[in-house]
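All remarks here apply to the structure that follows.
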Amino acid sequence: MAPFNIAYELLVTRLKNFQLETNRAFNFTASPSQPQYFLYKFPQDVDSVIINVVSDAAYPCSVVSVQDIVCPVYDLDHNVEFNGVYQSMTKQAAITVQRKDFPGEQFFVVFVIKPEDYACGGSVPSSIHGNANRTWNLQRTKSLQVTIVPSIKKSVYVQAMFFSFLGFLSFYLGSVVVAFVHYIRVQRKASAGRLSPEHGSGIMTSSHPISASTPEGSSYGAIDESSSSGGRQMSSPEHRPPAGSDTDSSVEEESDFDTMPEIESDKNIIRTKVFLYLSDLSRKDRRIVSKKYKIYFWNIITIAVFYALPVIQLVITYQTVVNVTGNQDICYYNFLCAHPLGVLSAFNNILSNVGHMMLGFLFLLIVLRRDILHRRAMEMKDIYTLDYGIPKHFGLFYAMGIALMMEGVLSACYHVCPNYSNFQFDTSFMYMIAGLCMLKLYQTRHPDINASAYSAYASFAVVICLAVLGVVFGKNDMWFWVVFSIIHVLASLALSTQIYYMGRFKMDGPDSDLGIFRRAVMVLYTDCIQQCSRPMYMDRMVLLIVGNLVNWSFAIFGLVYRPRDFASYILGIFICNLLLYLAFYIIMKLRSSEKLLPIPMFCIVATAVVWAAALYFFFQTLSSWEETPAESREKNRPCILLGFFDDHDVWHFLSAAALFFSFLVSLAESPTLLYGLTLSSSTLPLSIHMDL
């Protein structure tokens, strides 16, 4: 690349160290005009080796290639990629080579120094800038050290598989033990004659139902001893309003408000009360609401099938391209701990996702058992099971279990060939898991007004579409971040409005034209100006203010810094909102004099501990597709568990357990009462929750 002719002399010498030896480091130098290549022969007892190459200097950029013993040897910059397996390199490279891939049981290791560094993330070629005299005479000699070490044996693969499956099968064993202990306790209490409301484990000892019309000024948990009128009894089916009394229309005929009981039963009146109880938002027919939430389960199965099949096909294509071309710069593995199996280049990263699938299936079994027990109680007409405590709807739980299993499937697909383009596969069901958890928490105390499956999954589809656009345009296009931030802020405000008014702020109806703006102005004036010092719904207002500040901060951060990892940026928004809502849920639960029982408390502590450990390993960066493949390999580290799993694999194990415990927290919050009673739903405070 010199701008004028260069004089040189040719010197031919005999190489003394042409053959590399196992477990012995060899140091040498190479340059663009002096590439190096060496011979390696497999020992008799070695089936797989790892070629480790290190250098103290990142530049000049180099290429490490493994080629079969053929002529010619491709050791020039323009043809080194024509044969064998190759990687670009700055300070570190590692290639795993198997005996079965070389019939002659020997191969060449070729080292080529690039004339320019842009392939490894260095400066752009000087000729592009129009200045060919800038870098031609720089010293481009690189000192390298190569060490070939045996890889793991087949027995380690077997041990790793046993460890993965047996480790998570222990969760199944623990679940069986807990279920058996619970069964023994129930049988003992039943045989002792303690299975009655008067001797239950709840905090109330009276079998009298609690009035739904408890005065706001009365003490919490007061019992209505009168059997006559004075308030509709909500604790028995015969006193419940008919299933069809709760309509979806926000506009009623004037004749519907003639009598006081009908005014009390109208949801527009009930949901705008300052003090709400759980019974106020669980008035719809139980069977209809359960069918509504079962749609979550069937829809997510359909989504999973249609989403996963193209993903699997695509990553198989990626792996095929890597195997055929030998270009190991396509996929961002941790090459110091990438153990191949069959056509897969990093089987350990795929195997470690088995925990998500096994624990997701276990969660489905636990929910199924809970559902069966609840159905049996309904068949037995057990009034204390049916009409006390939090309403039992299991559709969202089933959807959460499927989402956890699919996260394992899609994470495994991503790790077949991890790179910038398919990172969205690893995060799509993370969005859905976070969203479903928030919806489940909100449904616990708001079963009648929670989002439908169609609107929820449509929202997730919008989020995934934005994630795809972020992958394409989020790197440098400022207009995308402006549009996304506007959408983010407007969505936060719209959702806040729906939550603050319990879904009664409608954009349709007779005033859906210009009158809607006048109505919105009047509402803002009444609630935000006249009552600014004391909003009508103080708890909701506090959470909404905090939630909007958090989301606006995310929007500002995105505009200012424009992070390249847009998928993780959106995931951070979901996780922060979920943690904020969970904290608010627990605080309001404690404020409402509800106790944290031992099992939910154990699940909360286990969730916090396992998540803390999991996040530690998550932040141990082993590769990064935000950089060039050569720069990413500088972060590669050896295995840390059984000589087979790296830090990211441990993250997979721990995050699966953490998600499982997180699901158990929400499942433990809505128990099926098999004996005794706690509180009637008419006295359970709403604890005004919000789904951010």
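Residue positions begin at 1 at the first shown residue.
Backbone N, Cα and C atoms are what each Cβ position is placed from, and that goes for glycine too.
Predicted automatically and left uncurated, TrEMBL annotations should be read as such.
For 203-217, the entry in TrEMBL reads compositional bias 'Polar residues'.
The feature compositional bias 'Low complexity' is assigned by TrEMBL to 226-236.
Feature annotation from TrEMBL assigns compositional bias 'Acidic residues' to 249-259.
Per TrEMBL, region 'Disordered' is recorded for 194-259.
Among the features that TrEMBL reports, transmembrane segment is placed at 160-184 (among others). If one looks beyond the transmembrane segment (160-184) by at least 6 residues along the same chain, the residues whose Cβ comes under 8 Å of a Cβ in the stretch are 348, 351-352, 354-355, 358-359, 362, 365-366, 369, 642, 644-645, 653, 656-657, 660.
Annotation source TrEMBL lists transmembrane segment at 296-316 (among others).
The transmembrane segment annotation in TrEMBL covers 350-368 (among others). Note on the transmembrane segment (350-368): residues 160-161, 164-165, 167-169, 171-172, 175, 344, 394, 397-398, 400-409, 411-412, 415-416, 645, 648-650, 652-653, 655-657, 659-660, 663-664, 667 of its chain, located 6 or more positions outside it, place their CB under 8 angstroms from a CB of the stretch.
The transmembrane segment annotation in TrEMBL covers 396-417 (among others). If you look at the transmembrane segment (396-417), the same-chain residues 6 or more away from its ends with a CB under 8 A from one of its CBs are 293-294, 296-297, 299-301, 304, 307-308, 311-312, 315-316, 318-319, 322, 330-331, 344-346, 349-350, 353-357, 359-361, 363-364, 367, 370, 423, 425-426, 428-430, 432-433, 436-437, 439-440, 443, 652, 656, 659-660, 663, 666-667.
Counting same-chain residues at least six beyond the ends of the transmembrane segment (454-473), those with a Cβ under 8 angstroms from any Cβ of the stretch are 295-296, 299-300, 303, 420-421, 423-424, 427-428, 431-432, 435-436, 439, 479-480, 484, 487, 566-567, 569-570. Under the heading transmembrane segment, TrEMBL lists 454-473 (among others).
Residues annotated as transmembrane segment in TrEMBL: 479-501 (among others).
Taken from TrEMBL, the feature transmembrane segment covers 541-560 (among others).
Note on the transmembrane segment (566-587): residues 423-424, 426-427, 430-431, 434-435, 437-438, 441-442, 463, 466-467, 470-471, 474, 488, 543, 546-547, 550-551, 554, 558, 596, 604, 687, 689-692 of its chain, located 6 or more positions outside it, place their CB under 8 angstroms from a CB of the stretch. Under the heading transmembrane segment, TrEMBL lists 566-587 (among others).
Note on the transmembrane segment (599-619): residues 586, 647-648, 650-651, 654-655, 657-658, 661-662, 664-665, 668-669 of its chain, located 6 or more positions outside it, place their CB under 8 angstroms from a CB of the stretch. As annotated by TrEMBL, transmembrane segment applies to 599-619 (among others).
If you look up TrEMBL, you'll see 650-668 (among others) marked as transmembrane segment.
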